[in-house]
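Novice: This is the structure I have questions about; it appears just below.
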Amino acid sequence: MVLFSEDHIQETRRRGRIEVICGSMFSGKTEELIRRMKRAKFARQRVEIFKPAIDTRYSEGDVVSHDSNSISSTPIDSSASILLFTSEIDVVGIDEAQFFDSGLIDVCNQLANNGVRVIIAGLDMDFKGVPFGPMPALCAIADEVSKVHAICVKCGQLASFSHRTVKNDKQVLLGETAQYEPLCRECYQRALQEDREKS
């Protein structure tokens, strides 16, 4: 005789959620996004990854980490475009979220409310130490926030700040290793003071 057991009920309803991976430059944000997306693909989930079209540093069509790990992606100009590609998708990945418009917040909420797992990676602060683009609001609505850290190039402590090493005041300057360095709070404050003295 087989008894009905709730333990054997298989969950078939999709549960949406928002996961944010944030931190400074060179902290492994994109690396972690790629890892989570590849795990989802391995589990035969339908995935789609998006990045801002302006990010062509390593590849026009792929999301690429500073360590050269990559995964195929769709470059887009506007966050609203994400909804055009996600009707049959289980997991959505979004890299460099700080470069998207504020509409990304509603897009992510809409996807999660419709059962999609949304994984977002982005800088939480710009080179001035100011919260960057839609990232603060995305952290607020997220079900899970992972703050990742680089290592301070000056003292070896955990680094939360991205110091720009070239003179340029534009908020958006797509950076590679020569243009930014990760610093801890103390070394970052010292570097800002040195920058002011040079000006």
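Note that Cβ sites are derived from N, Cα and C of the backbone, with glycine treated the same way.
Pulled from Swiss-Prot, these are the listed features:
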type	residues	note
ACT_SITE	Glu96	active site, proton acceptor
BINDING	Gly23, Ser24, Met25, Phe26, Ser27, Gly28, Lys29, Thr30, Asp95, Glu96, Ala97, Gln98	ATP binding site
BINDING	Cys152, Cys155, Cys184, Cys187	Zn(2+) binding site
Novice: Measure from the CA atom of Glu96 (active site, proton acceptor) to the CA atom of Met25 (ATP binding site) and give the result in Å, rounded to a whole number.
Specialist: 11
Novice: Only counting partners 6 or more residues apart, tell me which same-chain residues put their Cβ under 8 Å from the Cβ of Cys155 (Zn(2+) binding site).
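Specialist: Same-chain residues close to Cys155 (Zn(2+) binding site) (Cβ under 8 Å, separated by 6 or more) are Cys184, Glu186, Cys187.
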Novice: Which residue, of the binding-site residues Ala97, Cys152, has its CB surrounded by the fewest other CB atoms within 10 A?
Specialist: Cys152
Novice: I'm trying to understand the geometry here, so how far is the Cα atom of Ser27 (ATP binding site) from the Cα atom of the residue listed as 'active site, proton acceptor', in Å to the nearest whole number?
Specialist: 13
Novice: Compute the C-alpha separation of Asp95 (ATP binding site) from Cys152 (Zn(2+) binding site), stating it in Å without decimals.
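Specialist: That comes out at 23 Å between the alpha carbons.
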Novice: Which chain-mates of Lys29 (ATP binding site) that are at least 6 residues away have a CB under 8 A from its CB, listed by sequence?
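Specialist: Residues satisfying the criterion: Ile21, Cys22, Gly23, Asp95, Ala121, Gly122, Leu123, Val148.
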Novice: How many Å lie between the Cα of Ala97 (ATP binding site) and the Cα of Cys152 (Zn(2+) binding site)?
Specialist: 23
